[in-house]
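Student: Not my notes, these are from TrEMBL:
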- 1-25: signal peptide (SIGNAL)
- 60-145: domain 'Cytochrome c' (DOMAIN)
- 150-174: region 'Disordered' (REGION)
- 155-168: compositional bias 'Basic and acidic residues' (COMPBIAS)
Amino acid sequence: MPVRMKQFCVAIVVSVLAGTVNVHADDKATAAAVSNEDGKYFDKDGTPTFNIKEDGTVDWYTYSGYRRFNSECNVCHGADGAGSSFAPALANSLKTMSYADFLSTVAEGRKNLSAGKESVMPAFGDNKNVYCYLDDIYVYLRARAVGDLPRGRPAKKDDKPAAAKEQETSCMGG
Ligand code: HEC
């Protein structure tokens with residue numbers, strides 16, 4: 001085995017032992033919003049997150065993610081991320097899936113053809129209705145997974161921030 005390869009393997013073993021690889025757990029405390037840039041919320045690590053006020057009002061991005069998810073992903077993953085017989089319940093997956101893994105899985109897709117199974121997650125990397133709203137879908141599913149967001153259309157939402165309008169115009173138009 002080449003030396004660099006060996007070093008790489010050692011690094012992986014060390015990180016697994018140290019608990020830094022493949023051990024991602026999300027919960028309400030980790031997902032708590034600590035900052036807000038023009039209506040978009042971030043947790044203490046700078047990862048996009050949801051914000052739900054006491055009266056149930058959700059931030060714009062969570063609401064937008066609800067709409068996008070339930071038009072692009074629900075056919076396979078079930079309404080509100082509740083799962084189906086052939087695709088996992090993302091409202092559970094996001095309890096243990098990191099933001100980076102979420103983004104790459106949705107962009108690149110995934111196939112599991114082992115043992116006669118044919119489980120295919122399509123790649124959405126060139127679908128603007130998905131990639132222009134990836135963070136929206138992520139924060140929505142995160143809210144479903146760890147934020148006690150109930151199923152169905154959120155009754156109350158923040159107004160659409162100017163930044164969301166600008167980002168949408170440049171992403172969808174470009
Ligand atoms: C045509 C059906 C289909 C559609 C549409 C679809 N998915 Fe999937 N997705 C799957 C299947 C099947 C898997 C499981 C793949 C496997 O076995 O590795 C999966 C897996 C995933 C995973 C990994 C879950 C885990 O527990 O590891 C994520 C995240 C995901 N999909 C997100 C999305 C999002 C977001 C959308 C909408 C933009 C979407 N999917 C649309 C079929 C679909």
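Backbone N, Cα and C atoms are what each Cβ position is placed from, and that goes for glycine too.
Unlike curated entries, TrEMBL annotations are predicted automatically.
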Student: So, by DSSP, how many helix, strand and coil residues make up the compositional bias 'Basic and acidic residues' (155-168)?
Tutor: 7 helix, 1 strand, 6 coil
Student: Express the predicted model's confidence over the domain 'Cytochrome c' (60-145) as a mean pLDDT, rounded to an integer.
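Tutor: Taking every residue in the domain 'Cytochrome c' (60-145) and averaging pLDDT yields 95.
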Student: Counting by DSSP, what is the helix, strand and coil composition of the domain 'Cytochrome c' (60-145)?
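Tutor: Residue counts in helix, strand and coil order: 53 helix, 6 strand, 27 coil.
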